[in-house]
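Q: One structure follows; several queries about it will come next.
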Amino acid sequence: MALYPLLRPLIFTLDAERAHRLTIDALKLLPAGRSTLPHPRLAVEVAGLRFPNPVGLAAGFDKDAEVTGQMLGLGFGFVEAGTLTPRPQAGNPRPRLFRLAEDRAVINRFGFNNQGLAATSARLARRPRGAGIVGINVGANKDSADRIADYATGVRTMAPLADYLTINISSPNTPGLRALQDKAALDALLAAVLEARGDSGPPVFLKLAPDLEPQDIDDIAALTVGRMDALIVSNTTITRPALASRHAAEPGGLSGAPLKALALQRLRDFRAATGGAIPLIAAGGIASAEDALARVRAGASLVQIYSALVYEGPGLAARIVRGLDVLLAREGFASLAEAVGSAA
Ligand SMILES: Cc1cc2nc3c(=O)[nH]c(=O)nc-3n(C[C@H](O)[C@H](O)[C@H](O)COP(=O)(O)O)c2cc1C
């Protein structure tokens, strides 16, 4: 892990998707670990689950749940696999993943490439339970005639295997998917998902786009409080703040440093709209312990990272965890929970 600064220039000469595949294959060589609890101050309970620390791996890195144990072993407090669709799917034509190194950003238009529910449930069924928190993020097939039914299928199939489920209606790379964030569609989707989950299933989180208007935010808040167990704010953006890289105009979702301000603002918006009545999970441009604490203070109980891993390497989660513990102590917080929303 300490070698990452040396390896990075080499990795960056490879096509981004190929580098990602090699990374997953290399991670498979590590022993599967489990998140430990060296920082009791950082343990936090959300939706009835006890997270050893609040720093999670965001969806999309380990879509097919190939290295969940290895990522927990690297220090993540939880790992979100997926997005998984009911049937396997090839996704969009390549190239579809771009590093924007000058901007510390990534653009992707994968379009839910994944091995499907059956392959991944078989893999997840083999993992030891109780070895750390693994959430499963589910979506709809691109050519599905009934997208809501796809989410219900994902929830029903994965409920016995997941510590939590995430309903992802915020990918910009499946045409029309984000329309499920609209009021009437969202209401129907939530009803179907909750019925599929049943009374004894795991908690269900909803993952949102940062590209929402104030009215959308109010509608989503009204529909989800009391029904969903947490909101994840946010997915990638289709907007393009000023970017320096030659890949800036590639279509797809933008993540990493240029998403940071927008994702923080949306987190604040959702905190204001929900008044703290539902747990919030922050994602988007988080790259340091300071970034993580800012989200916690704005109302997040947990944070997730992806793009910063590309630039900072696999040791990043452990560094953020250690740094966050130091920052909380310095600012006089006895526990993470005390800091949640302290700036809201
Ligand atoms: C290459 C790539 C693939 C992604 N795939 C998914 C996905 O399948 N499902 C999902 O919910 N989010 C996906 N995301 C979004 C991330 O989970 C996260 O919400 C977003 O990238 C913002 O966090 P970051 O700035 O730390 O990357 C993906 C992001 C990237 C960069």
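One is the number of the first residue shown, and numbering goes on along the chain from there.
Note that Cβ sites are derived from N, Cα and C of the backbone, with glycine treated the same way.
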Q: Which single residue out of K63, K260 does TrEMBL record at the substrate site shared with N108, R109, F110, G111, F112, N168, N173, N235, T236?
A: K63
Q: May I ask you to find which of K183, K207 TrEMBL records for the FMN site already listed with A59, G60, F61, D62, K63, T83, N137, N168, S234, G256, G285, Y306, S307?
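A: Candidate in the recorded FMN site: K207.
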Q: Given N137 (FMN binding site) and G111 (substrate binding site), what distance in Å do their CA atoms have, once rounded to a whole number?
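A: Taking the Cα atoms only, N137 (FMN binding site) lies 14 Å from G111 (substrate binding site).
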Q: Average pLDDT across the domain 'Dihydroorotate dehydrogenase catalytic' (42-326)?
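A: Here the mean pLDDT over the domain 'Dihydroorotate dehydrogenase catalytic' (42-326) amounts to 96.
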Q: Of F61, R109, G111, N137, Y306, listed as binding-site residues, which ones have a Cβ less than 6 Å away from ligand 1?
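A: Only N137, Y306 qualify.
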Q: Could you work out which of the binding-site residues (G111, G256) has its C-beta surrounded by the smallest number of other C-beta atoms within 10 A?
A: G111
Q: If the FMN binders are A59, G60, F61, D62, K63, T83, N137, N168, K207, S234, G256, G285, Y306, S307 per the record, what's the largest distance between their Cα atoms, in Å?
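A: Answer in Å: the longest Cα-Cα distance is 20.
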Q: Spatially, which candidate from the recorded positions R109, N168, S171 is nearest to K207 (FMN binding site), comparing Cα atoms?
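A: So, spelling it out, the nearest of the recorded positions is N168.
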Q: Show which residues of the chain containing N235 (substrate binding site), separated from it by at least 6 in sequence, have their CB under 8 Å from its CB.
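A: The list for N235 (substrate binding site) reads N168, S170, S171, P172, K207, L208, A209, P210, G253, A283, G284, given in order along the sequence.
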